[in-house]
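Here is the structure we will look at, set down as C-alpha coordinates.
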Amino acid sequence: MLFLWLYMFYSCAGSCAGLAARGSPAPPRAAPPLPSLLPGEPGEESSLEEQRAAPDAGSPISSFFNGSGTKRLPQAIIIGVKKGGTRALLEFLRVHPDVRAVGAEPHFFDRNYERGLAWYRDLMPKTLEGQITMEKTPSYFVTKEAPARISSMSKGTKLIVVVRDPVTRAISDYTQTLSKKPDIPTFESLTFKNRTTGLIDTSWSAIQIGIYAKHLENWLLYFPIGQILFVSGERLISDPAGELGRVQDFLGLKRIITDKHFYFNKTKGFPCLKKAEGSSKPHCLGKTKGRTHPDIDQEVVQRLRDFYRPFNMKFYQMTGQDFGWD
(Lines of atoms letter the chains of each structure in order from A and count residues from 1; the text may use other names and numbers.)
(Lines give C-alpha, C1' and ligand atoms only; values in the text may rest on other atoms or scores of the structure.)
Protein backbone atom coordinates (compact mmCIF):
# COMPACT_ATOMS: atom_id res chain seq x y z
CA MET A 1 0.00 0.00 0.00
CA LEU A 2 2.83 2.33 0.95
CA PHE A 3 4.56 1.55 -2.35
CA LEU A 4 1.40 2.46 -4.31
CA TRP A 5 1.06 5.77 -2.43
CA LEU A 6 4.68 6.77 -3.12
CA TYR A 7 4.31 5.90 -6.83
CA MET A 8 1.24 8.14 -7.17
CA PHE A 9 2.97 10.98 -5.32
CA TYR A 10 6.08 11.07 -7.54
CA SER A 11 4.05 10.60 -10.73
CA CYS A 12 1.87 13.61 -9.92
CA ALA A 13 4.75 15.84 -8.86
CA GLY A 14 5.92 16.67 -12.39
CA SER A 15 2.59 16.87 -14.19
CA CYS A 16 0.70 18.69 -11.46
CA ALA A 17 3.47 21.28 -11.11
CA GLY A 18 3.37 21.83 -14.85
CA LEU A 19 -0.36 22.43 -14.74
CA ALA A 20 0.01 24.87 -11.89
CA ALA A 21 2.72 26.79 -13.72
CA ARG A 22 0.70 27.06 -16.86
CA GLY A 23 -2.48 28.00 -15.10
CA SER A 24 -5.90 27.75 -16.70
CA PRO A 25 -5.96 27.71 -20.49
CA ALA A 26 -6.23 31.12 -22.19
CA PRO A 27 -9.51 31.92 -23.95
CA PRO A 28 -9.37 31.31 -27.71
CA ARG A 29 -8.59 34.35 -29.86
CA ALA A 30 -11.37 35.63 -32.07
CA ALA A 31 -11.00 34.60 -35.70
CA PRO A 32 -10.21 37.48 -38.08
CA PRO A 33 -13.21 38.60 -40.15
CA LEU A 34 -13.54 37.23 -43.65
CA PRO A 35 -12.59 39.67 -46.41
CA SER A 36 -15.56 41.73 -47.57
CA LEU A 37 -16.78 41.84 -51.15
CA LEU A 38 -15.81 44.64 -53.49
CA PRO A 39 -17.75 47.86 -52.80
CA GLY A 40 -20.34 48.92 -55.28
CA GLU A 41 -23.07 47.15 -57.19
CA PRO A 42 -22.05 44.07 -59.19
CA GLY A 43 -22.11 44.87 -62.88
CA GLU A 44 -20.85 48.43 -62.50
CA GLU A 45 -17.27 48.66 -63.67
CA SER A 46 -14.63 49.42 -61.08
CA SER A 47 -11.52 51.39 -61.88
CA LEU A 48 -8.20 49.67 -62.50
CA GLU A 49 -6.95 51.14 -59.23
CA GLU A 50 -9.82 49.48 -57.33
CA GLN A 51 -9.23 46.25 -59.21
CA ARG A 52 -5.54 46.24 -58.29
CA ALA A 53 -6.37 46.97 -54.66
CA ALA A 54 -8.84 44.11 -54.37
CA PRO A 55 -8.36 41.82 -57.36
CA ASP A 56 -9.66 38.69 -55.66
CA ALA A 57 -13.00 39.93 -54.41
CA GLY A 58 -15.90 37.92 -55.69
CA SER A 59 -17.84 34.91 -54.55
CA PRO A 60 -17.90 33.89 -50.87
CA ILE A 61 -15.71 30.89 -51.68
CA SER A 62 -13.04 32.99 -53.38
CA SER A 63 -13.21 35.56 -50.56
CA PHE A 64 -12.77 32.82 -47.94
CA PHE A 65 -9.69 31.52 -49.71
CA ASN A 66 -8.34 35.01 -50.41
CA GLY A 67 -4.61 34.64 -50.85
CA SER A 68 -4.87 31.11 -52.24
CA GLY A 69 -4.19 30.30 -55.85
CA THR A 70 -2.00 31.89 -58.48
CA LYS A 71 -2.33 34.91 -60.74
CA ARG A 72 -2.28 33.72 -64.33
CA LEU A 73 -2.57 35.34 -67.73
CA PRO A 74 -6.11 34.88 -69.09
CA GLN A 75 -6.93 31.70 -70.97
CA ALA A 76 -10.05 33.34 -72.44
CA ILE A 77 -10.87 36.94 -73.40
CA ILE A 78 -14.14 38.61 -74.38
CA ILE A 79 -12.76 40.82 -77.16
CA GLY A 80 -15.91 42.56 -78.36
CA VAL A 81 -18.03 44.25 -79.31
CA LYS A 82 -18.92 47.51 -77.63
CA LYS A 83 -22.66 47.76 -76.84
CA GLY A 84 -23.12 44.16 -77.90
CA GLY A 85 -23.78 42.65 -74.47
CA THR A 86 -20.27 41.98 -73.17
CA ARG A 87 -20.97 43.22 -69.64
CA ALA A 88 -24.04 41.00 -69.36
CA LEU A 89 -22.09 37.98 -70.59
CA LEU A 90 -19.25 38.58 -68.13
CA GLU A 91 -21.61 39.01 -65.18
CA PHE A 92 -23.51 35.87 -66.13
CA LEU A 93 -20.27 33.88 -66.49
CA ARG A 94 -19.00 34.99 -63.09
CA VAL A 95 -21.75 32.92 -61.50
CA HIS A 96 -19.77 29.84 -62.55
CA PRO A 97 -17.43 28.66 -59.75
CA ASP A 98 -14.68 27.81 -62.25
CA VAL A 99 -14.59 31.27 -63.84
CA ARG A 100 -12.54 34.06 -62.27
CA ALA A 101 -12.67 37.36 -64.12
CA VAL A 102 -11.37 40.92 -63.81
CA GLY A 103 -14.22 43.33 -63.13
CA ALA A 104 -12.66 46.38 -64.77
CA GLU A 105 -11.65 46.47 -68.43
CA PRO A 106 -7.82 46.26 -68.46
CA HIS A 107 -7.43 47.68 -72.01
CA PHE A 108 -4.01 46.04 -72.04
CA PHE A 109 -3.81 45.06 -75.71
CA ASP A 110 -4.98 48.46 -76.97
CA ARG A 111 -3.98 51.17 -74.49
CA ASN A 112 -1.57 49.72 -71.91
CA TYR A 113 0.56 47.26 -73.87
CA GLU A 114 3.78 49.10 -73.10
CA ARG A 115 3.29 48.29 -69.40
CA GLY A 116 4.20 44.66 -70.08
CA LEU A 117 2.77 41.23 -69.33
CA ALA A 118 3.84 41.32 -65.67
CA TRP A 119 1.63 44.38 -65.13
CA TYR A 120 -1.22 42.66 -66.98
CA ARG A 121 -0.90 39.46 -64.96
CA ASP A 122 -0.93 41.45 -61.73
CA LEU A 123 -4.43 42.71 -62.61
CA MET A 124 -5.79 39.17 -62.80
CA PRO A 125 -7.59 37.47 -59.92
CA LYS A 126 -5.96 34.46 -58.27
CA THR A 127 -7.21 31.12 -59.51
CA LEU A 128 -7.10 27.57 -58.22
CA GLU A 129 -6.28 24.54 -60.32
CA GLY A 130 -9.03 23.95 -62.88
CA GLN A 131 -10.36 27.53 -62.83
CA ILE A 132 -10.29 29.80 -65.88
CA THR A 133 -8.94 33.36 -65.78
CA MET A 134 -10.88 35.79 -67.98
CA GLU A 135 -11.12 39.46 -68.85
CA LYS A 136 -13.22 41.53 -71.23
CA THR A 137 -12.30 44.63 -73.21
CA PRO A 138 -14.72 45.17 -76.15
CA SER A 139 -12.43 47.57 -78.00
CA TYR A 140 -9.93 44.78 -78.72
CA PHE A 141 -12.06 43.54 -81.64
CA VAL A 142 -11.55 46.76 -83.58
CA THR A 143 -7.92 47.34 -82.55
CA LYS A 144 -5.61 46.42 -85.42
CA GLU A 145 -2.67 45.44 -83.18
CA ALA A 146 -4.68 43.35 -80.70
CA PRO A 147 -4.73 39.98 -82.56
CA ALA A 148 -0.94 39.84 -82.96
CA ARG A 149 -0.38 40.93 -79.37
CA ILE A 150 -2.75 38.33 -77.91
CA SER A 151 -1.27 35.64 -80.16
CA SER A 152 2.18 36.61 -78.92
CA MET A 153 1.00 36.11 -75.33
CA SER A 154 -0.59 32.73 -76.13
CA LYS A 155 -1.68 31.24 -79.43
CA GLY A 156 -4.13 29.06 -77.49
CA THR A 157 -6.15 31.92 -76.00
CA LYS A 158 -9.89 31.38 -76.48
CA LEU A 159 -11.69 34.44 -77.85
CA ILE A 160 -15.34 35.41 -77.43
CA VAL A 161 -17.12 38.05 -79.51
CA VAL A 162 -20.62 39.23 -78.60
CA VAL A 163 -22.23 40.66 -81.72
CA ARG A 164 -25.51 42.49 -82.22
CA ASP A 165 -27.49 43.92 -85.15
CA PRO A 166 -25.01 46.62 -86.27
CA VAL A 167 -27.75 49.21 -86.81
CA THR A 168 -29.18 48.74 -83.30
CA ARG A 169 -25.65 48.61 -81.93
CA ALA A 170 -24.77 51.97 -83.58
CA ILE A 171 -27.88 53.61 -82.13
CA SER A 172 -27.06 52.18 -78.69
CA ASP A 173 -23.51 53.48 -79.00
CA TYR A 174 -24.82 56.94 -79.90
CA THR A 175 -27.30 56.82 -77.00
CA GLN A 176 -24.47 56.16 -74.55
CA THR A 177 -22.46 59.10 -75.89
CA LEU A 178 -25.55 61.32 -75.84
CA SER A 179 -26.09 60.59 -72.15
CA LYS A 180 -22.61 61.98 -71.44
CA LYS A 181 -22.57 64.77 -74.05
CA PRO A 182 -26.13 66.06 -74.61
CA ASP A 183 -24.92 68.72 -77.07
CA ILE A 184 -23.51 66.35 -79.71
CA PRO A 185 -24.96 66.46 -83.27
CA THR A 186 -27.91 64.27 -84.17
CA PHE A 187 -27.47 60.62 -85.07
CA GLU A 188 -28.69 61.37 -88.59
CA SER A 189 -26.09 64.09 -89.21
CA LEU A 190 -23.24 61.93 -87.92
CA THR A 191 -24.26 58.93 -90.04
CA PHE A 192 -23.65 60.56 -93.42
CA LYS A 193 -20.72 62.27 -95.04
CA ASN A 194 -23.33 63.69 -97.41
CA ARG A 195 -26.97 63.00 -96.68
CA THR A 196 -28.07 64.10 -100.14
CA THR A 197 -25.96 61.41 -101.81
CA GLY A 198 -26.52 58.95 -98.96
CA LEU A 199 -22.78 58.33 -98.48
CA ILE A 200 -22.27 56.69 -95.07
CA ASP A 201 -19.46 58.06 -92.91
CA THR A 202 -17.49 54.91 -92.06
CA SER A 203 -14.93 56.96 -90.14
CA TRP A 204 -17.49 57.44 -87.35
CA SER A 205 -16.67 54.74 -84.79
CA ALA A 206 -20.35 53.98 -84.13
CA ILE A 207 -20.65 52.92 -87.79
CA GLN A 208 -17.20 51.39 -88.20
CA ILE A 209 -17.49 48.94 -85.28
CA GLY A 210 -20.48 47.25 -86.94
CA ILE A 211 -18.52 46.22 -90.05
CA TYR A 212 -17.79 42.92 -88.32
CA ALA A 213 -16.48 41.05 -91.38
CA LYS A 214 -13.72 43.59 -91.91
CA HIS A 215 -12.49 43.35 -88.32
CA LEU A 216 -12.76 39.56 -88.26
CA GLU A 217 -10.45 39.25 -91.27
CA ASN A 218 -7.68 40.75 -89.15
CA TRP A 219 -8.23 38.22 -86.34
CA LEU A 220 -8.22 35.27 -88.72
CA LEU A 221 -4.65 36.13 -89.69
CA TYR A 222 -3.61 35.00 -86.19
CA PHE A 223 -6.35 32.69 -84.86
CA PRO A 224 -8.33 29.84 -86.47
CA ILE A 225 -12.08 30.41 -86.67
CA GLY A 226 -12.68 27.49 -84.31
CA GLN A 227 -10.86 29.34 -81.54
CA ILE A 228 -13.35 32.22 -81.67
CA LEU A 229 -16.90 31.92 -80.29
CA PHE A 230 -19.53 34.31 -81.62
CA VAL A 231 -22.31 35.03 -79.15
CA SER A 232 -25.58 36.60 -80.33
CA GLY A 233 -26.41 39.70 -78.33
CA GLU A 234 -30.08 39.22 -79.25
CA ARG A 235 -30.16 35.60 -78.05
CA LEU A 236 -28.31 36.60 -74.91
CA ILE A 237 -31.51 38.54 -74.11
CA SER A 238 -34.13 36.11 -75.44
CA ASP A 239 -32.40 32.88 -74.33
CA PRO A 240 -29.57 33.65 -71.90
CA ALA A 241 -29.28 30.07 -70.66
CA GLY A 242 -28.97 28.76 -74.21
CA GLU A 243 -26.18 31.17 -75.11
CA LEU A 244 -24.43 30.56 -71.78
CA GLY A 245 -24.61 26.84 -72.50
CA ARG A 246 -22.66 27.39 -75.74
CA VAL A 247 -20.12 29.56 -73.92
CA GLN A 248 -19.60 27.00 -71.15
CA ASP A 249 -19.08 24.25 -73.75
CA PHE A 250 -16.59 26.42 -75.63
CA LEU A 251 -14.61 27.07 -72.45
CA GLY A 252 -14.66 23.38 -71.51
CA LEU A 253 -16.75 24.03 -68.40
CA LYS A 254 -19.51 21.96 -66.88
CA ARG A 255 -22.94 23.42 -67.71
CA ILE A 256 -23.73 24.88 -64.30
CA ILE A 257 -25.39 28.14 -65.43
CA THR A 258 -28.91 27.21 -66.58
CA ASP A 259 -32.47 28.59 -66.80
CA LYS A 260 -32.76 28.48 -63.01
CA HIS A 261 -30.29 31.37 -62.73
CA PHE A 262 -32.35 33.90 -64.72
CA TYR A 263 -35.58 35.85 -64.68
CA PHE A 264 -36.78 38.42 -67.23
CA ASN A 265 -37.11 42.00 -66.01
CA LYS A 266 -39.95 43.58 -68.03
CA THR A 267 -39.05 47.09 -66.93
CA LYS A 268 -35.46 46.89 -68.18
CA GLY A 269 -36.30 44.58 -71.06
CA PHE A 270 -33.53 42.04 -70.48
CA PRO A 271 -32.75 39.06 -68.25
CA CYS A 272 -31.39 39.43 -64.75
CA LEU A 273 -29.69 37.04 -62.36
CA LYS A 274 -31.79 35.54 -59.58
CA LYS A 275 -28.64 35.46 -57.49
CA ALA A 276 -25.55 37.42 -58.46
CA GLU A 277 -22.03 36.25 -57.71
CA GLY A 278 -21.30 36.62 -54.02
CA SER A 279 -24.89 37.60 -53.19
CA SER A 280 -28.16 35.99 -52.22
CA LYS A 281 -30.20 38.78 -53.85
CA PRO A 282 -31.52 39.17 -57.42
CA HIS A 283 -29.37 41.41 -59.57
CA CYS A 284 -29.86 43.37 -62.79
CA LEU A 285 -27.17 45.33 -64.58
CA GLY A 286 -26.87 48.97 -63.57
CA LYS A 287 -28.89 51.94 -64.77
CA THR A 288 -26.37 52.57 -67.57
CA LYS A 289 -27.67 49.42 -69.28
CA GLY A 290 -30.97 49.35 -71.14
CA ARG A 291 -31.22 53.08 -71.88
CA THR A 292 -34.16 54.23 -74.00
CA HIS A 293 -32.98 54.95 -77.54
CA PRO A 294 -33.90 58.25 -79.21
CA ASP A 295 -36.27 58.20 -82.17
CA ILE A 296 -34.23 57.90 -85.36
CA ASP A 297 -35.50 58.83 -88.83
CA GLN A 298 -36.61 55.51 -90.36
CA GLU A 299 -35.20 56.47 -93.74
CA VAL A 300 -31.77 56.73 -92.11
CA VAL A 301 -32.28 53.38 -90.39
CA GLN A 302 -33.16 51.75 -93.72
CA ARG A 303 -30.13 53.27 -95.46
CA LEU A 304 -27.94 51.87 -92.71
CA ARG A 305 -29.52 48.43 -93.12
CA ASP A 306 -28.79 48.56 -96.84
CA PHE A 307 -25.22 49.62 -96.11
CA TYR A 308 -24.55 46.81 -93.62
CA ARG A 309 -26.32 44.03 -95.57
CA PRO A 310 -23.36 42.87 -97.73
CA PHE A 311 -21.02 43.00 -94.73
CA ASN A 312 -23.51 41.00 -92.67
CA MET A 313 -23.80 38.36 -95.39
CA LYS A 314 -20.02 37.99 -95.51
CA PHE A 315 -19.89 37.76 -91.72
CA TYR A 316 -22.49 34.98 -91.77
CA GLN A 317 -20.35 33.08 -94.28
CA MET A 318 -17.15 33.57 -92.29
CA THR A 319 -18.67 32.43 -88.99
CA GLY A 320 -21.08 29.81 -90.33
CA GLN A 321 -23.90 31.48 -88.38
CA ASP A 322 -26.94 33.43 -89.57
CA PHE A 323 -27.67 36.05 -86.93
CA GLY A 324 -30.92 37.12 -88.61
CA TRP A 325 -30.25 40.83 -88.80
CA ASP A 326 -31.94 41.31 -92.19
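Using the three backbone atoms N, Cα and C, a Cβ is placed for every residue, glycine included.
What TrEMBL records for this protein:
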- 1-18: signal peptide (SIGNAL)
- 24-67: region 'Disordered' (REGION)
- 74-309: domain 'Sulfotransferase' (DOMAIN)
- Lys83, Gly84, Gly85, Thr86, Arg87, Arg164, Ser172, Lys289, Gly290, Arg291, Thr292, His293: 3'-phosphoadenylyl sulfate binding site (BINDING)
- Lys83: active site, for sulfotransferase activity (ACT_SITE)
- Cys272-Cys284: disulfide bond (DISULFID)
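The domain 'Sulfotransferase' (74-309) scores a mean pLDDT of 93 in the predicted structure. Cβ neighbour counts within 10 Å, taken over all protein chains shown, single out Ser172 as the most crowded of the binding-site residues Ser172, Thr292. Counted within 10 Å of its Cβ, the other Cβ atoms near Cys272 (disulfide bond) come to 21, all protein chains included.
Local packing around the Cβ, expressed as the count of other Cβ atoms within 10 angstroms, is greatest for Gly85 among the recorded positions Lys83, Gly85, Arg87, Cys284.
Distance between Cα atoms for Gly85 (3'-phosphoadenylyl sulfate binding site) and Cys284 (disulfide bond): 13 Å, as a whole number. Comparing the Cα of Cys284 (disulfide bond) with the Cα of every entry in Lys83, Arg87, Ser172, Thr292, these being the binding-site residues, the smallest distance points to Arg87. Cα of Cys272 (disulfide bond) to Cα of Ser172 (3'-phosphoadenylyl sulfate binding site): a distance of 19 Å.
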